[in-house]
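Notes for the one structure printed next.
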């Protein structure tokens, strides 16, 4: 279904939709081994994804950072690999949870089926060798750019082909070995259960669970049992697909739209539920095969879908001869590459706090489960993101202006309501000393947004300064920020275009009047010198802003009151 639907709705030329290791793990986590649950989850996950696409909510996935994704995929890979160890060793009744599976495997290690273990090890080694042969750059290895002979070109193509379809090669070879032994009456391998042949019927999903002819679960109970899987499965499925699509779009020099991908995956899962499918997403392995095979458009999915239908129609009876150990080896060799150990040094060099989000997600998924691990990782990632908003960087330094000193507070990041108390503490720490500075200038060039909480805090801070006989000035504000503060009518608000203007004005007013030796300082300036906002918003006329001061940086002997 994914192959055909993506031809119409998909935006990537190479992405192939289908079951993946991560999606399968998540589905298994929430469906309790019941196929009915899996089909219902497929329909509802598709509805969620389609609705997100219609509402253009693809941007929400941007809040899941790369460290969280890397931690999740690494832990999921280890969990999947652990779940397949039981197939390689021929063990039974092993729990699905990683934290329970590991001790159980060690307890039952003496019951290992040596034939299964031998088959699994051989299959795993063959898979690794074929993968390495596929990755060899023969021209570079030979150290020449000469055109190779025809037989070498054919050999390289054969090795590339076997390396690309290595999973199928190993499964087919293992099945032939198991079939040959069975015809001679030797049954030593644990084989896959018999699968019903043919195509599934096209029918609406069944919203009830029947056991022994009795309905034991209805629709609402099934949905309640799935729980947060209705959010986790579609969200992670979309993340996996969009990450794969963007990676191959960069290689192919084209762009894809997240909204279009959401709609494509959503429609696929909704229609897939009518043919007994469980949720699917973009597959990295099959997408890589498409790219390496030279697929140029979404129409490639049509041929993939036809081959899948032919396999279901004619090859299903032979699936029962596949050794479980061979399947386990295939899955382990595939998912072990998803462990993102190489990103740890990068996180250490770039930003060490990213390691915290990575390891919290990693151990959360391993020890607590997928939903809790992702939730913890996203929570830590958001705290790391929001912390600078609550603790903005600020540089405080004095500017010597005889006879008094001026304290400069340089805000080096934005100013929002979580930072209000911290900002007040930073300013007050140096301003309210035993011998306080009489003037404090706050440079606000990095402030790009304010809210009512910030305005109220500034009003209180100015009042506190006034009560102590001190002056708080502001400089270097964006016009829209200045206009907002003017409209708020903060009493005693003083503004200068630059910090130098503020210092020059303070130097001027600190000089005594030459006639009578008095220093006259006022909260108001000549209306012609009032710095008004640069927009034409009603209420921003000079008559409405008598407390906003702008004194040009010129040599003035005194300032007189209006």
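Glycine too: its Cβ is placed from the backbone N, Cα and C atoms.
What TrEMBL lists as transmembrane segment is 36-61 (among others). Sequence-distant contacts of the transmembrane segment (36-61), counting only residues of its own chain at least 6 positions beyond either end whose CB sits under 8 Å from a CB of the stretch, comprise 27, 30, 205-209, 217, 219, 222-223, 225-226, 229-231, 233-235, 237-239, 242, 258-263, 265-273, 276-280.
Annotation comment: TrEMBL describes 68-89 (among others) as transmembrane segment.
As annotated by TrEMBL, transmembrane segment applies to 109-130 (among others).
Tertiary neighbourhood of the transmembrane segment (158-182): same-chain residues 119, 123, 126-127, 130-131, 133-136, 188-189, 191, 285, 289, 292-293, 318, 321-323, 325-327, 329-330, 334, selected by CB-CB distance under 8 Å and a gap of 6+ residues from either end. Taken from TrEMBL, the feature transmembrane segment covers 158-182 (among others).
What TrEMBL lists as transmembrane segment is 226-249 (among others).
Per TrEMBL, transmembrane segment is recorded for 261-280 (among others).
Residues or ranges marked as transmembrane segment by TrEMBL: 300-319 (among others).
Sequence-distant contacts of the transmembrane segment (326-344), counting only residues of its own chain at least 6 positions beyond either end whose CB sits under 8 Å from a CB of the stretch, comprise 21-22, 66-67, 70-71, 73-74, 76-78, 80-81, 84-88, 119-121, 123-124, 127-128, 131, 167, 170-171, 174-175, 192, 285, 355, 358. Per TrEMBL, transmembrane segment is recorded for 326-344 (among others).
Residues or ranges marked as transmembrane segment in TrEMBL: 356-387 (among others).
Residues annotated as domain 'STAS' in TrEMBL: 396-506. Model confidence over the domain 'STAS' (396-506) stands at 82, taken as the mean pLDDT rounded to a whole number.
Residues 11-15, 17, 20, 22-23, 26-27, 29-31, 37, 40-41, 44-46, 48-49, 52, 58, 60-61, 64, 69, 72, 255-256, 258, 261-262, 265-266, 269, 279-284, 287-288, 291, 370-371, 374 of the same chain lie 6 or more positions beyond the ends of the transmembrane segment (226-249) yet place their CB under 8 Å from a CB of it. Comparing 68-89, 261-280, 300-319 for CB pairs under 8 angstroms to the transmembrane segment (356-387), the maximum falls on 68-89. Helix first, then strand, then coil: DSSP counts for the domain 'STAS' (396-506) stand at 48 helix, 26 strand, 37 coil.
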